[in-house]
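Participant: Have a look at this one before I ask anything.
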Amino acid sequence: MLYAASVVYYLFFGSGLFFYQENRSLFIFTYDYLQHFLSKPGGLLVYMGNFLTQGYYYNVIGALLISSFPVILISLLMKNFRLLSKSNSRGMHFSIIAACGLFFLQTFYDHFIYHSVGLLLGLLWMYALMSLKKKYQLISFFVLFPAVYYFAGAFSLFYVGLYFSFILAASPKPQRLPGLILLFVNSLAVFIVFKEFVFLQPGDKLLSFPLPVLKFSVFSISFYSFCLYLIFVPHLPEINSMVVSEKRNIKHVTSVSVICLVTIFFITLKFDKEQEDIMQIEKMGFQQKWDAVIEHIEKSPSANLTGQYYYNLALSEKGLLCDKLFFGSQDFKEKSLSLPHFSEYINRAYYFYYCIGLSKAANYLAFESMVINGYQPENLKMLVKTEIIRGNLKIAERFVHLLKQTLNYRNWALKYEKIIRDPSAMYSDSELVEKMELTPGNDFFITTDDNYNMNAMLWGNPNNPKAFEYIIARMLLEKDFKAVVYQVKKMKGMGYNYIPRHIEEAILLYMHEGLELPYLGELTVSNKTLKDFENFQSAFLSDTNFILSEDDTKNELKNTFWYYFYKKEIKDLN
């Protein structure tokens, strides 16, 4: 039941976690990549986790994989119970509770595969030690602990806690104190040797990596509470034998079902639909499914800055930015056109620059992302494309070589390797050709002021429609319709044979203000937009419930610059 519930949850509700975690790491089949993890305790555990995370590339494999960990946990706990319990109790109830706890933890985006593997390996090691004769158990722990600490890092603190609890629960009273003292001395000695002579790293890192950051958050509290529960495992058989009947009767089945249902309830309670939605939007963006992004957001408008950023990006890539800007929410105004260069946004910010043809800036931010976050699929892919566009084929080849050594991105890398080996093949790639044509002819200093950057781009390449429409979009979002109108005269020379819808709306608003219309470069406003403006004026002046109307005609008028411009006044009428 628990396994099925987990698979269903991840396939239909929580698949955004797979996308998020798979894109946070990139497993490369090279010794250099392995060497990075050999340099610190716990690195091999993370290496193993990253290897398994490759399965998250496919939702079905990810759902089956992540759902298997609670099942493995039940198996390990029941084996431990069997060895610990004098009454041969298997501790089904306590095992189910633990499995439900792990299911709950794994729904957090900050809980990675190596966290689950670290916990499971601790229980497996405990089972292996308890399977030995008693006289070999303590000595085996001491002999193997350095290797275990090197492999699992700070997770060894969890293992020490497990064995500490085991000594208290299973050792004869005369042997408890000496055993605990030896355990403490051995653990401290291994830590000091590793800190002072082997790895020469700060003590806080050796005691924290690769555990989750200890902070006051729901995930952190839940994770460490779960660890304490597992550490208490050696004491559970005695409780289990007193309060739980192991007979498979109706009460037993009912209690197990209740535990599972309570877990599902709490998972449902903490489910963040907005975060899941952002992951789905971003995934479509990474796959360059721009039509799907537009359709998704217009059907379910995003109230999130990232969601609105991807909507505007998708519109620009499809050449619709000034035609459909107000078909989606624009709560953040011009801030949703491009993102700041902070580490929080750096993995997303470079797509804006790539879109408008400023490959130099996209390359810089992608490289910064690689320095801050390490190798990730998207920052390497962006580096490959921007280096090819800039003519730096040797540098692009280095990044392609890395992607060739991966499981999920090898085919993508082979495609661009052909372009590097035969540069003329680049002209058969419509995406690269378009970005090259958008590239400015001048070299200018790129700043954090994107309005300046886009104007500088237009000075170097006056026929860049994407940069031009981003400038217009910024004016529209700032409600500066007068400035918009004075840009229309440039459009004919840029290849426009019609005026995009929202620019037409700005022109009509300009005329409505009684201002003299400047030269529009032989372009005219369409009859449909003229008719829409008449309908808007009529609705705005006569219907005080305009904002609440479900009428299709009036809903269409809400997708206009006019509605955005007068939105506050319309709300005040109601």
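Note: Cβ is positioned from N, Cα and C throughout, glycine not excepted.
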Participant: Among 2-22, 212-232, find the range that TrEMBL records as transmembrane segment.
Facilitator: 212-232
Participant: Against the transmembrane segment (141-168), which of these stretches has the most C-beta pairs under 8 Å: 180-200, 212-232, 252-271?
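Facilitator: Ranked by Cβ pairs under 8 Å, first place goes to 180-200.
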Participant: Looking at the transmembrane segment (252-271) and the transmembrane segment (90-106), are there 3+ C-beta pairs under 8 A, with each pair at least 6 apart in sequence?
Facilitator: yes
Participant: When you check the transmembrane segment (90-106) against the transmembrane segment (180-200), do you get at least 3 Cβ pairs under 8 Å, counting only pairs 6 or more apart in sequence?
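Facilitator: No, the transmembrane segment (90-106) does not contact the transmembrane segment (180-200).
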